[in-house]
Amino acid sequence: MWVKVEPRQEASRRVIYATPVLAVGLTVLSGYFLFLFLGLAPAKTLYHFLISPTLTFYGWSELCVKAGPLVLIASGLAIGFRANVWNIGAEGQLTLGAVGAGGVALAFWGESGLWILPLMCLAGILGGMLYAAIPAFLKTRYEVSEILTSLMLTYVATLALGILVYGPWRDPMGFNFPQTRMFSDSALLPLILDGTRMHLGILVTLAVAVAAWMMMARTVIGFQIKVVGLAPAAARFAGFSRNRTVWFSLLLSGGLAGLAGTFEIAGPIGQLVPHLTPGYGFTAIIVAFLGRLHPLGIIASGFLMAISYNGGEIAQVEDRLPQAATGVFQGMLLFYLLACDFLSRYRIRLAATRREASPS
Amino acid sequence: MDEEQRAPRLALRDISKRFQSVVANDHISFSVAPGQVHALLGENGAGKSTLVKIIYGVLQADEGQILWDGRPVTIDSPHQARGQGIGMVFQHFSLFEAMTVLENIALGIDNAPDLKELADRIVTVSRKYGLPLDPSREIHTLSVGERQRVEIVRCLLQNPKLLIMDEPTSVLTPQEVERLFVTLRQLSDEGCSILYISHKLQEIKDLCHHATVLRGGRVVGECDPAVETARGMAQLMIGSELKQLVRRAGSVSAEPRLIVENLTVPSTLAFGIDLKGISFEVGAGEIFGIAGVAGNGQNELTQALAGETTLHRPSTIRLDGKAIGHLGAEQRRMHGLCSVPEERSGHASVPEMSLAANTLLTARNRLGLARQGFIQPTEAQDYAQRVIDEFAVKAAGPSANAATLSGGNLQKFIVGREVLQSPEVLIIAQPTWGVDAGAAATIHQALFKLAQNGTAIVVVSQDLDELLVVTDRLAVINLGTLSPSIATAEASVEQIGLLMGGLHGMEGEAADRGSSKHVG
């Protein structure tokens, strides 16, 4: 017996959009058995995990706070993924963006002015772009896989942030805690709804998602990205430079990740700390794929992932669910999504071996 | 003998095969006698390939019966087919470039003996059939004709009773074709049946004892090619009267529009071809042909002309006096140089995108289908529709994905997309490769009309017949160098054939002559 993988006849559009739903279903089903295995009441835990975060208005506002950075990063990543540029290091670019923006906030600490926030955003975007420029340079100049370089640079970024907040940028009045001062008000994003933590960055994110959609659907650069991803030879024929596309997608996704980092420290966090996010940069990869690399899909999947974060916290409190369960959930979701995608395009056949002695 | 006549080597009874809604084979029946060279004749898409894949066990028929020496058999796999004594030489070779002839053959045959014995057998078989082969040569050092020999010898080592050859001459020089026919006739004399797939009528007349003509998945006729005229067979194959090409009254301007001077490009690929000192000129209204056996630098040359490869010295390529050698593809297009690469799908077009989107690849700036970085969807749709209408492209409309078009229709669309931009210079590679006769006529006619309006056209093709019909002048590319050009009217097939064999064939040529004497 051997396993044969053969392509199916064309997968229909309906199948392409059905796979995320199927993947979510399978994840929930597996979660049920996982909770059962952990000795919890599965139905109750699932309820806390998936439903509770959506029951109150405040719950929804918190989902927006979590979904915001995911959608912002995923919008950028999705554009690169369309061009077969695999930026896996958004977490690192987010971190460097936060360092850039945080540096501005600290440099003008105690001062006030409307120009501080825009300057922070600019510094954040530049930080993310510069950090993404490293894999772009290595890829276009030496053909080094951006998957490896962008991923590994993430760990460098986290350590660099560590050096700053444990060292020169540590809050002098902070009882030696590894964190910077709380930013002044001028360096914090205004809230858009009282009583919630929803900040201006969420509106900007929404605008970015729409702009990304426009870009992919209507502009030559969006077309170029798609052609480079689908048919590199046709892109060369059309006069689209692959290298320029690599630079563009990495700088764009890096810049948006940096902006997301800025929004985090100027929004919910309010200072620089050693660990800025629960892995938004990585989760955004799942968000991008679950959303079919489409801006609207990304918004929906961003909320789903936000539920898994907030629901994970609720279930931790209510059911003593281990913290790792959120990661397991997200991992399962990506796994099932990739599996469903694969199986919608290929079928696996078991075939009896007919080969006799193979030539030696 | 009588007994053999009663039981044909291979008989097909009502073979049918469907792919979803498409009927590829519709109740096909015919039989092949022992020792018979049987032609399977038909246009692309007539169902020839599907049928031979069924015979060779790659595909299974939905209905019908295969009789082998009079007994019904089921052939589930190529392995089983080979066990019955069926060998097949595919149009596209499956050889590992970096391995030797011996290693490739050892990998490809069932129950291979040890390598030393196999090497001896390869030499014996190749001598016997006039197919000289050195088992220790690495594949990448072989010409296409020699590679085909490897495939044929691989089949012959298994003593086949039926040899299937899928378009074997499309990659050969005229001399190589002659040599192949000697081998095939010898096999036939020894009682081996040959199923010979082709759409080249003259070859079939020269070689085959019997012809079965397929059209639209059905047998539409059988004939004796020795008796039937080529025209008669063509009409059976196409199912309608052949369109006569209208050649323009030749008015080639003496003023060259395109000048290529000492074009030298080292290859970037491991087994690629370096272009060495290529020079030629094409006048306004002239169609210039570049002949040659596949893999002699045609792709490299097309890419260098189109601007996919840019050159250091701008004056290497001049268009109406402007030096454009340093410019990329889109900039050259803006100067009036359009091109059609050989590979339709994935190079000339993006299969997953609509026809309208595919117009953007080359016409976005020339025709203003995109302005200030924004795509103009209506304009792109309209242009795609215009190409569809003027070139009679069978497609569901401008929104249909390129992948849904048949090869011939996609080619018409791609050629139309460039031709309707009325370029100053058009570089076109393999304009009618694998395209049915109707589409080929449309494309040739379009090239004539374009030339008439003053475009300088370069046609790179492996199909010598096509070049002889279409071009005013032609030259031959061999191992990255271009021969001096000859006026097509004065060129003979032999002369061009020898140039196609070129320096590259020298060693093989000498060896071949020795052994063909030995054989015949």
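In case you wondered, yes, glycine gets a Cβ from its N, Cα and C as well.
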Matching range for TrEMBL feature annotation, transmembrane segment, among A:60-81, A:170-191: A:60-81
Of A:60-81, A:115-138, A:246-267, whichever stretch has the most CB pairs under 8 A to the transmembrane segment (A:198-216): A:60-81
Top Cβ-contact partner of the transmembrane segment (A:93-109) among A:21-40, A:150-169, A:246-267 (pairs under 8 Å): A:246-267
The transmembrane segment (A:115-138) touching the transmembrane segment (A:279-307) per 3+ Cβ pairs under 8 Å rule: no
Range from A:21-40, A:60-81, A:150-169, A:246-267 with the greatest count of C-beta pairs under 8 A to the transmembrane segment (A:115-138): A:246-267
Annotated stretches the transmembrane segment (A:246-267) and the transmembrane segment (A:60-81) touching (3 or more Cβ pairs under 8 Å): yes
